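> Before anything else, here's the structure in question.
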Amino acid sequence: MRSEVPSSTSPSFLSPPFIHLPLLSLSSPTPLPHSSSSTFSLFSTMAASQIGLVGLAVMGQNLALNIAEKGFPISVYNRTASKVDETLDRAKSEGDLPLSGHYTPRDFVLSIERPRSIVILVKAGSPVDQTIASLASFMEPGDTIIDGGNEWYQNTERRLSDAHSNGLLYLGMGVSGGEEGARFGPSLMPGGDFQAYDNIQHILKKVAAQVDDGPCVTYIGEGGSGNFVKMVHNGIEYGDMQLISEAYDVLKNVGGLSNEELGQIFDEWNKSELESFLVEITADIFKVKDDLADGGLVDKILDKTGMKGTGKWTVQQAAELSVAAPTIAASLDCRYLSGLKEERENAAKILEAAGMKEEVNAIRGGVDKKRLIDDVRQALYASKICSYAQGMNLLRAKSAEMGWDLNLGELARIWKGGCIIRAVFLDSIKQAYQRNPNLASLVVDPEFAKEMVQRQAAWRRVVGLAVSAGISTPGMCASLAYFDTYRRARLPANLVQAQRDYFGAHTYERVDLPGSYHTEWSKLARKSDPNVAAALH
């Protein structure tokens with residue numbers, strides 16, 4: 001995981017001299033100028049590939065096979081030759097797919113028909129720059145580079161500018177769905193040059209996941225918008241996973257439910273408004289037995305959660321844009337705290353010695369399990385609405401800052417299939433933004449407002465019960481606090497502003513008069529109450 005936001009001012013990826021190669025007639029019977037020892041193809045070397053892909057780790061390999069299976073001849077390349085061989089073997093075993101493997105950047109680039117479109121799926125940061133540099137010398141004006149990794153959006157904007165200075169087109173394309181999605185249909189979020197998208201949209205629309213209202217791909221917008229949207233998608237994913245883990249924690253430790261019962265419950269929830277990929281896989285996880293010891297495998301997994309940085313970037317961007325995203329921030333904080341395993345174990349011992357008592361056992365005896373299960377279902381759904389609202393508000397704020405003109409309803413649509421956060425209620429989010437493209441928040445959409453109001457009593461019961469039992473539910477608590485804060489016409493922020501004016505002369509506005517005001521608070525306090533003056537001295 002990168003601990004800092006990547007710099008957007010690193011050297012150009014096109015530092016090697018750009019070479020404009022003479023046009024080659026790829027449609028002629030003359031073989032491409034590479035040796036047979038450096039290229040192997042499952043289809044005739046006389047035909048040029050329609051697209052290329054570099055980076056044959058799990059995601060790249062599966063996406064390449066997906067493209068080939070959809071009928072688009074593809075060239076692949078990887079610095080490690082064994083990965084090329086492995087991909088060729090898979091292409092043959094999975095149906096003699098039209099995929100050709102190449103072992104040098106030159107042979108790889110020249111095997112693709114013009115204007116070339118090359119997808120890069122390597123580790124974000126400098127490896128992307130290095131990969132582009134190795135390819136760019138053999139590319140020509142009008143060719144396109146497509147970065148499909150989880151890249152910091154400003155790096156994409158820098159590379160896009162570098163590409164333009166050399167006549168190339170550039171896309172930063174978020175790819176979501178994991179290895180299965182890449183192989184059978186991911187959600188794709190391409191942003192950058194529209195011409196680059198237009199050149200390959202016929203391929204992307206076939207490769208992407210398919211839902212009732214079309215393929216899960218759309219042109220996101222200019223610049224680094226595609227990577228930014230994928231980043232926020234991942235931030236929402238952090239929130240989703242945290243909320244589900246809290247539902248599990250309450251049901252297991254307050255409700256006393258077994259893994260078998262939890263598997264059944266999540267299966268049932270996956271037939272409700274909670275139907276989603278993450279709920280589905282959670283049900284599966286509870287059903288898996290440990291093959292090395294007794295009991296369920298999930299109980300043997302160390303309670304430390306990893307991360308790669310996109311959640312952190314999301315929270316940083318929310319702070320920079322003054323967008324409240326407490327549910328996503330809470331999920332990030334929980335990942336940090338999960339990493340403090342030894343500290344947490346030590347804290348548990350010290351606090352127990354100091355007299356800390358676990359209340360969960362006493363509370364468990366009086367719990368109505370059936371009601372608890374239904375309450376947790378409602379609390380989870382209401383909390384999810386708040387988490388998605390925060391992510392959408394962040395996208396709207398960034399779109400306004402950058403002039404991207406993001407279509408939030410369309411983003412919800414392409415997340416309905418293929419991606420990790422795919423869920424049935426994304427269709428409701430799509431419809432909310434179709435009803436009102438300028439919707440201030442999902443919380444105030446008429447349909448979602450009804451859902452929230454109907455579920456708030458159950459939501460409060462779950463959070464209150466968890467607090468009483470000493471079970472932390474930071475995501476649900478943050479979501480409920482967000483809801484309660486957002487719906488209040490007047491907050492205690494007036495006192496905070498008075499304090500700021502008291503110690504820093506930051507001024508304040510009044511509710512009854514226009515303008516800004518400053519008050520000599522300590523002086524007036526002494527005048528109004530002699531006891532205050534005495535206390536201050």
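Here the Cβ of each residue, glycine as well, is placed from N, Cα and C on the backbone.
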> Determine which of Asn150, Asn166 appears in Swiss-Prot for the same NADP(+) site as Gly55, Leu56, Ala57, Val58, Met59, Gly60, Asn78, Arg79, Thr80, Val122, Lys123, Ala124.
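Within the candidate list, Swiss-Prot flags Asn150.
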> Reported as an integer number of Å, what is the Cα distance between Asn78 (NADP(+) binding site) and Gly177 (substrate binding site)?
22
> I want to verify one value. Collapsing DSSP to three states, which class is Glu237 (active site, proton donor)?
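Note: Glu237 (active site, proton donor) is helical by DSSP.
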> Express the distance between the Cα positions of Gly177 (substrate binding site) and Gly55 (NADP(+) binding site) as a whole number of Å.
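Cα-Cα, rounded: 17 Å.
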